[in-house]
Amino acid sequence: MALGARLASLLWPALRRGLSTAPAPPPALDLAGIYPPLVTPFSLTQDVDYAQLEGNLRRYAGLPFRGFVLQGSSGEFPLLAPRECLEVLSRARRALPAGRLLLAGSGCESTRATIEMTSSVAEAGADAALVVTPCYYRGAMSSAALVRHYTEVADASPVPVVLYSVPANTGLDLPLEAVLTLAQHPNIVGLKDSGGDITRLALIVHKTRQERFQVLAGSAGFLLASYAIGAVGGICALANVLGAPLCQLERLCQEGRWQEARDLQHRLVEPNAAVTRRFGIAGLKKAMEWFGYYGGPCRAPLVPLSPGQEQELREAFSANGWL
């Protein structure tokens, strides 16, 4: 075994504990694992296609996902009516195999609306609420304002709360000092961070090592790096398409097989960028169709890929051996 790989294998247990020798208390809800943030299937008339949602879930049931996320960015959450969100959630809950977690987005712009939606998703079957930062008045979203918002939501929530920072969509990074304060709340169990700043993630893991707080990578592009600094899993759009390889990457990291993990991570970077930053949800849904899932159209105002974009998307997968 090469020296670097041997050292990584020895360091892995410490990294998983956030470099702490003292055991952290067990989390109220163990989030460790890989989650696809499910797309919302639409028909050609842009109605929610519940049959296709259930069909995708049946196909995903054979993969070792820890659970699923609904009403995330990949699910076109801002384009759904509240009644659609809750119907999607209740249908998914009934279709899921036993033992799989279901996380549901419940973040709204007002604290009151977020509390109401969080209660509703819990009633519909969510095991935890994924609460995105309110951002319309982002200039007023100081650390103090966000701490108050999330504290009131967590105080009222009947299920555990997971913070959600996605600056590419909100233009707002959940401040580090706010995360560290909120990590002490008994009903806030973790953070999905899609920003990709590994230094920030490592600091959060380190600073919360005595709390029952878990960090989830928000993208497959930095999943390996996130595991190396102590994250417990990932909520990754690419898992809708390449779920088995992402679960394999998790397993390789857990076993300390770093060279194999690095080789696999390299093959995932370009496809991941293609279905997120480059071509967005339209690209993600198109790629799903190539791998046997239903992607279907996006809901307007999102538009489908052009023929040229579709070809570029296909090349991102084929050049890395996936097609």
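Each Cβ is built from the backbone N, Cα and C atoms, and glycine gets one as well.
Keep in mind that TrEMBL annotations are predicted by a computer and have not been checked by a curator.
The active site, proton donor/acceptor annotation in TrEMBL covers Tyr164. Listed in sequence order, the residues of the same chain lying 6 or more apart from Tyr164 (active site, proton donor/acceptor) and placing their CB within less than 8 Å of its CB are Gly72, Gly105, Gly107, Leu130, Val131, Val132, Thr133, Leu191, Lys192, Ser194, Gly218.
Of all Cβ atoms in the protein chains displayed, 27 besides its own lie within 10 Å of the Cβ of Lys192 (active site, schiff-base intermediate with substrate). Feature annotation from TrEMBL assigns active site, schiff-base intermediate with substrate to Lys192.
Annotation source TrEMBL lists pyruvate binding site at Ile235. Shown in sequence order, Tyr35, Pro36, Pro37, Val69, Gly72, Leu103, Leu130, Lys192, Leu216, Ala217, Gly218 are the residues of the chain, 6+ apart in sequence, with a C-beta less than 8 angstroms from the C-beta of Ile235 (pyruvate binding site).
Here TrEMBL flags 1-18 as signal peptide.
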